[in-house]
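Feature annotations, reproduced from TrEMBL:
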ACT_SITE  ASP51  active site, charge relay system
ACT_SITE  HIS109  active site, charge relay system
ACT_SITE  SER426  active site, charge relay system
DOMAIN    42-465  domain 'Peptidase S8/S53'
DOMAIN    281-348  domain 'PA'
DOMAIN    540-634  domain 'Subtilisin-like protease fibronectin type-III'
Amino acid sequence: MAKKEGFLRAHPDRVLPLHTTHTPDFLGLKVGQGLWQASGLGKGIIIGVLDSGITPTHPSFDDHGVPPPPGGKWKGSCNLKTGCNNKLIGAKSFVAGDTAKPPIDVYGHGTHASGTAAGNFVRNTSAFGLARGTAAGTAPHAHLAIYKVCNDEGCSESAVVAGFDAAVKDGVDVITMSLGGFPTRFDQDPVSIAAFRASVEKGVFVSCSAGNDGPSASTLSNVAPWVLTVAATTMDRSLQATVELGDGRKINAESMDQPPNFPEGPVPLFITDTSYDYHSCYTVSEKVKGKVAVCQADGLICTGKAATVKAAGGIGMIIVNLDEEGYTMVDRSCNFPTASVPFNDGNPIITYVNSTSNATGTISFRGTVLGVTPAPAIAHFSSRGPAPECYSIIKPDISGPGVNILAAWIDRRTANDTFVIKSGTSMAAPHLSGVAALVKSLHPDWSAAAIKSAIMTTSDDKDRQGRFIQDQQRGSASFYAMGAGHVNPSKAVDPGLIYDLDIDDYIAYICGKYGDAGAKAILRGRSIKCETVKNLTEAQLNYPTITLTPRNATHTVSRTVTNVGSTNSSYQVKVNVPDTVFLTVEPQILKFTKVNEKKSFTVSAKWKGRPVYSVEGKLRWISDKHVVRSPIVISDRQV
């Protein structure tokens, strides 16, 4: 192959895994008001979905109220026998052996992602009778173009790259991708290279899931600086149950299995007594008959242990989170009466049951409850930074709803359209794709980097109760868990200032990182002589977040902001960093006299005493109307 004309580089074809009603309201999106009204619900924006396909007959993809795509913009085609309409305007398959077939979703993941990003309004939806309401995507009147790149075996990189290229050629505005593997060098990663062409060269906004390998550090996927890397958070809805122990203690629980005929009073509690089983409930004795088994969680699948307990005569389960899951309550459908409790609340249950031969508990199923706290909070499974391949860029970039998300699905057993509740960063990324579509509809000339900046600098670092966003252990979440913060769509359309980047900035960054060969690979053969380019270090890239590594000397980086707010405006800087760091910003005031005017500033950091491994802070540019916030990490690590 290398001898053929036009050959650049060959890559092994890796198989990448998929990352897998109330959220619009939780995000402040309301019919006939605010951002939804101003953006026409995302009208005229095309979202490309790279996933496992689509269920075209699902009501979420009805085109009621959706106008045709803008004339001259859409150049794609819809390879479906039925279902193509003003909502679902494109559908193709790039799965090997199936490229001529309609991209029908037999897995469900792509249908859920598509519905989350841009599903139309569907009234009277629920999952197992819970979370009732009107289901809608984040941009309900945006158009959808489907690119099937995954099947039950995963997602081949070659299919993903083909999907990217087709989406760009077809004319999409936004790409959502909820899949990915462990990152490699960007110049050796076909998906990162394809995303570069889409985002940097063609202006398509690319939103990607961060991965579900948390809470361990440095487990992120999709970390190239030209894509938005999205972490997952909880929201303020609970499918609630209450466990009241025989000693009077009450513990809040979650349950997707809420039978109407469960005993109302106290029932005996049972816990496995074999050391090798350690409460997993995959092995239970006949002693569980007529009792509720207390079981340790071991992932999201609980139907196996439920079947074991039921076969032995048990009447229900209490599932205790693992330590690493903490307070993240991921709803599990066990097909058996079940209440799930956080790790810290579960240990007292285990201790109580082991302390008496007559342990009892009352499980009360309370249905759907809104307004629970704390919310949002970072999910335990959401992958964490820092990203080794771009340590001087804070990743993930942003967080959004990704726990217990109700959206479109298909029941493969009955082939009926339905809605289910799923959790993962796969659910978070489509929310941000929808937000990007809303921003793009109001700012069609903004670059992908400008939209990313607007989303990040206007995000919330505090929850609905005004406390700093927490992680799964109820500690303050780090930027390497939540990114800049939790997305605030209504603020993102009016950020005041943006940190923009163009292709020359990225080329300077790539040259500084990989040299001529790397630049040629990422730019797909375009010849670049890095010696003629002023190379940028990673820390100097004009990103909305800032990483400083002063070690034994002062470290200074520069940033440039563009005024997209009022014609005459003035911004005062305010910095919050720990006392261990001396940090300065010059100048401290930025004055603008026109729209799109640019101003630059420098940020310098130095340790006051002995360096520590890593500390976090924030820099805010504050005007009468706007607060433009950038996370700061000061680290002793040398990159």
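Every residue, even glycine, has its Cβ placed from backbone N, Cα and C.
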Across the domain 'Subtilisin-like protease fibronectin type-III' (540-634), DSSP labelling yields 1 helix, 57 strand, 37 coil
Count up the helix, strand and coil residues in the domain 'PA' (281-348) according to DSSP, in that order. 21 helix, 14 strand, 33 coil
For the domain 'Subtilisin-like protease fibronectin type-III' (540-634), would you mind checking the mean pLDDT of the predicted model? 96
Cβ density check for HIS109 (active site, charge relay system), other Cβ within 10 Å (all protein chains) comes to 23
Determine the Cβ neighbour count for ASP51 (active site, charge relay system): the number of other Cβ atoms within 10 Å of its Cβ. 31
Local Cβ density at SER426 (active site, charge relay system) - other Cβ atoms counted within 10 Å: 31
